Amino acid sequence: MSQADPVPVPAPEALNASDSNGTEALNATAKFVATPEGTALAYGSLVFMALLPIFFGALRSVTCSKSKNAADMPETITSRDAARFPIIASCTLFGLYLFFKMFSQEYINLLLSVYFFVLGVLALSHTMSPFMCRMFPESLPNKQYQLLFTQGAGEAKEEILNYEFDTKNLVCLLISSVVGVWYLLKKHWIANNLFGLAFALNGVELLHLNNVSTGCILLGGLFIYDVFWVFGTNVMVTVAKSFEAPIKLVFPQDLLEKGLGASNFAMLGLGDIVIPGIFIALLLRFDVSLKKNSRTYFYASFLAYIFGLGLTIFVMHTFKHAQPALLYLVPACVGFPVIVALIKGELTEMFSFESSVEFLPTSPRLSSFPTVSGSPASLASSMDTVSMATGLSPRRRRVQLSCM
């Protein structure tokens, strides 16, 4: 899912470039040689930011799975979806490659900017919602609103969207819109990261693998996809350099020299966060299903992710060549939990676990993060970039924003 720049350079500098699914690759730039301090700060910040949506999104996925309301259920990825993911992702990637070759990059990115502006505002407003619920003055009226879209008439009338919200949600939407305009006009890296974190958090929470076998199929297929498109062709690199959207986390390597106006970035794509993240979230739900009051598999896979991402950076600097992150993340995130299961004698239970089962009422619940129950933003931040590759389509549903 990540990609690399095949052009040799004096020194490896950054994780940068994105593919059509929002995933990033390890890249380098010949124009700027970062200081060791700047590089360490950038990489360390990226790793830290990557861990936030995985950890908290996984916790939220447990609560999301307990929902008994069909309208609030997350999007489930089946083995069939997982098997066709790399194929559709490849077609999407190559299609974008042709688009950028045939049409003006400026106009394509303008459309993408507007599109992701809308998705980002919705996703970020949901992320802010629980904080606003605590900070909103009780003395101010909190009025309820409803936005309803239907098609047809009479008995043939069909509900497209039933969106319920209140004054608190409107305030969140206003603040998020300010961030969105900031991103749209300036493309500032902080605004990019706010949108990226919101997308990644909701992606991990709301995209659910139905079992471990499906997770292995998905990660295995994307492992092959990543290696082929990074090392076998220049398609991914071309699209990555042309594609401008908040589908990556960035951090400047020259922050110490230039402050917030820095412009030489290390980058990590959301695909390298969300794809392993939904597998880690599945293992947390498996931990909860065991009813042993432990989180062994979650912590094992979480540490495996840290190891895999660190190994990616190490190999890149050792061999002075960019590396696809999933080449290291997939074996680590799958291998570590399997080894733990073999040692504990729970391998059969792991692979027979179905994510749809009811969990304990005492399942982990993080009230500081929003319940993005099936809203348009939930599917947006659940990764429009992922659903584009999987072919999963949003269900028509009734949406009610709530504060946890």
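Each Cβ is built from the backbone N, Cα and C atoms, and glycine gets one as well.
A quick note: this is a predicted structure, and the numbers were derived from the prediction, not measured.
According to TrEMBL, the region 'Disordered' annotation covers 1-20.
Taking Cβ pairs closer than 8 Å, the transmembrane segment (40-62) reaches residues 14-15, 34, 74, 193, 197, 200-206, 208, 249-253, 255-256, 265-268, 272-274, 276-278, 280-281, 284-285, 288, 298, 302, 305-306, 309-310, 313, 359, 363-366, 368-369, 371 in its own chain, all 6 or more past its ends. Feature annotation from TrEMBL assigns transmembrane segment to 40-62 (among others).
According to TrEMBL, the transmembrane segment annotation covers 82-100 (among others).
The transmembrane segment feature in TrEMBL is assigned to 106-125 (among others).
Taken from TrEMBL, the feature transmembrane segment covers 191-209 (among others).
What TrEMBL lists as transmembrane segment is 216-240 (among others).
Positions annotated as transmembrane segment by TrEMBL: 260-284 (among others).
If one looks beyond the transmembrane segment (296-319) by at least 6 residues along the same chain, the residues whose Cβ comes under 8 Å of a Cβ in the stretch are 12, 15, 26, 43, 47, 50-51, 54-55, 58, 272, 276-277, 279-280, 283-284, 286-287, 325, 327-333, 335-337, 340-341, 344, 350. Sequence annotations record features per position, and here TrEMBL assigns transmembrane segment to 296-319 (among others).
For 325-343 (among others), the entry in TrEMBL reads transmembrane segment.
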Dominant neighbour of the transmembrane segment (106-125) in 82-100, 191-209, 216-240, by Cβ pairs under 8 Å: 191-209
